[in-house]
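Undergrad: Here you go, one structure.
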Amino acid sequence: MRSEKSLTLAAPGEVRGPEGEQQDAGDFPEAGAAGGCCSSERLVINISGLRFETQLRTLSLFPDTLLGDPGRRVRFFDPLRNEYFFDRNRPSFDAILYYYQSGGRLRRPVNVPLDIFLEEIRFYQLGEEALAAFREDEGCLPEGGEDEKPLPSQPFQRQVWLLFEYPESSGPARGIAIVSVLVILISIVIFCLETLPQFRADGRGGSNGGGVTRVSPISKGSHEEEEDEDDAYTFHPGITPGRVGSGGSSSLSTLGGSFFTDPFFLVETLCIVWFTFELLVRFSACPSKPAFFRNIMNIIDLVAIFPYFITLGTELVQQQEQQSASGVGGQNGQQAMSLAILRVIRLVRVFRIFKLSRHSKGLQILGKTLQASMRELGLLIFFLFIGVILFSSAVYFAEADDDDSLFPSIPDAFWWAVVTMTTVGYGDMYPMTVGGKIVGSLCAIAGVLTIALPVPVIVSNFNYFYHRETEQEEQGQYTHVTCGQPAPDLKAADNGLGKPELSEATRERRPSYLPAPHRLYAEKRMLTEV
């Protein structure tokens, strides 16, 4: 029951007595702590026309927030209506108020997009811990880690780094990015064209463009050739074989005649020269050498060029050994092993396709989505593993009595279970009995349900990163302003270009309604314009 000395709700920091006279907050300790009235008083909060009522002691559980701090929320007090008015998103405030009522549990409503709810969390100043915990629950990456752009301290080094690392920083940087993309595409096209039958050096798919020289077998019959395909290459010291024509004959040339004049090798060399130059320039201009090698994109750049140098070195060594050797006897086994190793190494060239992700926002968003969804992907693989074990065992025993069964063992049925649960169904293995068909039907249904469960979370993460990238591109239009003075504290910014810090600074200055908006972005302009 309310006391006779009840207090009239007023603006925070102001306490009124029973007759409405203003009194000192020190006469009412609980009122001063609660921000204007005793802790059992109710508070009215108007969110865009939707009124909420709560107790002040509920809000005082988090005094460092906007609603919990009387000094912060006083700006939104309406003395005429005796309420606090916020022109904010109404569905989000249910979760914000529940955060106070539950003692710190923050749950996003299903009808509120993730980016909007994150803005509401920042507006109500729930704190970095609450924001980090919420992002972790949503499966998002920690904020600021992927957006932080460290820059070199030297001006020339900084411009070179921006020129090769950030294509959006200037026109010349975009030109370099276009050249890099064209070189990557040419390298990938060459890698594929080498395997065409008219360009092969053998009859079954090897490539001569990268430095592996081959000749057709000598003095081998057709039956012997079919039985020993691995030894179908004979190396002769002192000579380098040329391309095998469509008729099957080989033209032999002197050392270096076919390898170093091969068109595919020449184009590949030009591409590698550009890749190596780009990598060395970026390494020399990077702000942190250890961080440079921890970047996955730089690792991909290294993987893209090292097969060429290994192949070239191996070829040169082999040719020198062939020149100095007196016979062929002990060379064939070593050469065959070298060929197998070179095939594996040259296969790594296909990973150059990932170099395009440096210049593609879509691939970067996809990579961040997969990284943020590792927990869901792990659960998906775990569920598929359980399903493969169960259904491969079930179909094996269901088909065990059939003499024409295509499932000789449980491990052989793993392949069938995988392609069935993923709804691919190649048709190379299929059940024949009624029991096996029932197991196959259940396997397909279980696969559909298993794959469908984590998909909404992955799609939500993709939408989050996509919308955030779109917002960052919209904010990027302010980075190329032509007015404004250089920021005097540029070097004191720890040589970092962090978008979260920029956004936070913008939000703090926005209520002052500065007449020169370009000043808010002066520091960022100096770091990005070249």
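Cβ atoms are placed via backbone N, Cα and C, with glycine included.
Grabbed the feature section from TrEMBL, which reads as follows:
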REGION    1-31  region 'Disordered'
DOMAIN    41-141  domain 'BTB'
TRANSMEM  176-196  transmembrane segment
REGION    207-246  region 'Disordered'
TRANSMEM  263-280  transmembrane segment
TRANSMEM  377-398  transmembrane segment
TRANSMEM  438-459  transmembrane segment
REGION    489-510  region 'Disordered'
COMPBIAS  501-510  compositional bias 'Basic and acidic residues'
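Have a look at these and tell me how they're positioned relative to everything else.
TA: If you average pLDDT over the domain 'BTB' (41-141) in this model, you get 90.
Same-chain neighbours of the transmembrane segment (377-398): 370, 407, 409-411, 413-414, 416-418, 420-422, 431, 433, 435-436, 438-440, 442-443, 446-447, 450-451, 453-454, 458, counting only residues six or more beyond its ends whose CB sits under 8 Å from a CB of the stretch.
Cβ atoms under 8 Å from those of the transmembrane segment (438-459) belong to residues 139, 369, 373, 376-377, 379-380, 383-384, 387, 391, 394-395, 398, 417, 420-423, 425, 430-431 of the same chain, restricted to positions at least 6 beyond its ends.
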